[in-house]
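Asker: The feature transmembrane segment is assigned by TrEMBL to A:21-42, A:62-82, A:117-137, A:149-170, A:176-200, A:250-269.
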Amino acid sequence: MKSIIMNPVLNKEIRLRFRSPKSFIGIAAYLSILGLISLGFIGLTLNYDNMGVFRPEESRGMFLLISMLQLALVIFITPGLTSGVISSERERQTLPILLTTAQSSLSIIVGKLLSSLSYLFLIVFASAPLYMIVFLYGGISPSNIIASFALYIFTMLVIGSFGILASTLIRRTILAMVTTYSIAFFITGGMAIITIMLTSFSYQFYSQGNDYIWPFITASINIPIMFFSLFEPNIVDEFKDMAGLDLSPWFVFFSFYILIITGCLTIAIRKLRPRMKGKVKKLSKKVSSL
Amino acid sequence: MIETVGLTKKYGSFTALKDLNLSISEGTVYGFVGQNGAGKSTTFQIIATLLTPSNGTAYVDGINIMEEPEKVRRIIGYMPDFFGVYDQFKTSEYLDFYGASYGLSVKERSEMIPQLLELVNLSKKHDSYVDLLSRGMKQRLCLARSLIHDPKVLILDEPASGLDPRARIEMREILKELKTMGKTIIISSHILPELAEMCDEIGVIDNGELVATGSVNDIQLKLQEQKVLIVNVARDMDRTIQFLEDDPDVLNIQRGPNGSIQFGFKGSEEDQESLIKKAVHANIPLLTIRQLETNLEDVFMEITKGVGEA
């Protein structure tokens, strides 16, 4: 843990990122837009309400709107922030020097991941006061807000891990970025479309009394659907009934993505530097077989 | 301090490095000479644990790079031929980052950084952004960076490339200073006279193979087996050339300006003495006879001749 907090790469990246006023201008602009949307939503609702009242269910609607916007932001920005972290070092010819330092590959990869996501963490958490407007009108519990923020962080880690892996394996940043965006859009939008298509087929099976597991699986690993289910749990209950499984979709969701995160980061760590030790073992095996 | 054993690197069917066996003692400044693509950078990258050899291995201070690359990284300072810098850092922050990367404490870094900036003559640029430094200053900063953890071994790949003459002289002076500090340095350069001046030993690499190694003098002596002699005659150029052509040790006779004739001579010193005596007896009107001095560039050209045309 200490090595992560005292990570030189993390410290360096944060120092460089927050040295530029552009970062703060970006946060200010984002919060201004989100604030305008929130206040505009309240203003329009009040304008169209005969009694001029902003009700808890409308407050809940506003919360959903802001939350989904934030999720879209996370899905859209994370690939851009993470997919160039290693490949850009390679392109700037700073990577060989970094790799000859005493830092472990784990420390470099974790430092790069956390530092690239730190800006997004800041943007998302800076918007927390805006969510407090919702509390004025009710309709949402604090646990909903905590769960949505936790899911933002988890989504960042999932897409960020893909970004880091692509950046390590692909030499050119632009290709790494295209790859990461493709994966991010597939596991969000693409999987949602697949879920809808499978659901339309599934009624045929379901009506004949057969279990149909695939919509449950695809819905359980779809980030926007699972995010929405935080507020509307019924959406996944229907898939669960179709599958005939007594399994929490959150269990599937977290198991699947924890495996993905671990797999991506492990491969990135192994591929960052040439594998010397494995080669020694292979050579010694060759020698002993002779 | 550095030893390579049968070091080989292949990229598909292309062999970049072939069975390289080197041994460099502690405190030695070893110059690595070779044409572009000869295998110098490949060798350096393998020793710096950035490339895996296809065969063989290397030892740095007795540590096998294949078995304990982490330990090797702690005792080497590597400066690649092409490198980038973090432009948004100040010079002191740049060094501080790398100091932290080697696990140096804040106190150690704060002591080390001013000393290194002093060594590379960048003390006045302590608070300057790296972006604003000249090419030569960036090269020196990178050299300081490679010294931040006080490594035993320095691997410098063309540290003076692309520098103007003044910056090259400054770099050379710094390297001489490092030599006096007892560092083992392995350095490649295209500026051969500079290598001759500062290196204890030289290795000539060609097409991935080490074709000559030893002290500069040793290598020059090897070449002198086919020394080049120049005679000046007052007259009778044609008769002199005919005389030389009759001697079995003389080869490659070339007519020069102002009565000079240059030729290769493969005989011993006694044979050379005999040739001069014979010339006197034959009434060759000799004015002077001298041996063409060979330098490291001649050695390099001689050893690698014809390869570029192949």
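Heads up, the Cβ atoms here are built off N, Cα and C, so glycines get one too.
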Asker: So what's near the transmembrane segment (A:62-82) in sequence-distant terms, Cβ-Cβ under 8 Å and 6+ beyond its ends?
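Answerer: Here the qualifying positions are 30, 34, 37-38, 41-42, 45, 112-113, 116-117, 119-120, 123-124, 127, 130-131, 133-134, 139-140, 144, 148, 151-152, 155-156, 159-160, 162-164, 167, 177, 180-181, 183-185, 188, 223-224, 227-228, 231.
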Asker: So which of A:117-137, A:176-200, A:250-269 has the most C-beta pairs under 8 Å when paired with the transmembrane segment (A:149-170)?
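Answerer: By Cβ pairs under 8 Å, A:250-269 leads among A:117-137, A:176-200, A:250-269.
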Asker: Mind checking which residues of the chain, 6+ beyond the ends of the transmembrane segment (A:117-137), have their Cβ under 8 Å from one of its Cβ atoms?
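Answerer: Sequence-distant neighbours of the transmembrane segment (A:117-137): 10, 13-14, 17, 23, 26-27, 30-31, 34-35, 38, 42, 54-56, 58-60, 62-63, 66, 70, 73-74, 77-78, 81-82, 145, 149, 152-153, 156-157, 160.
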Asker: With a Cβ cut-off under 8 Å, give me the same-chain residues at least six positions beyond the ends of the transmembrane segment (A:176-200) that come close to it.
Answerer: 75, 78-80, 82-84, 87, 158-159, 162-163, 166-167, 169-170, 212, 214-215, 218-219, 221-225, 239
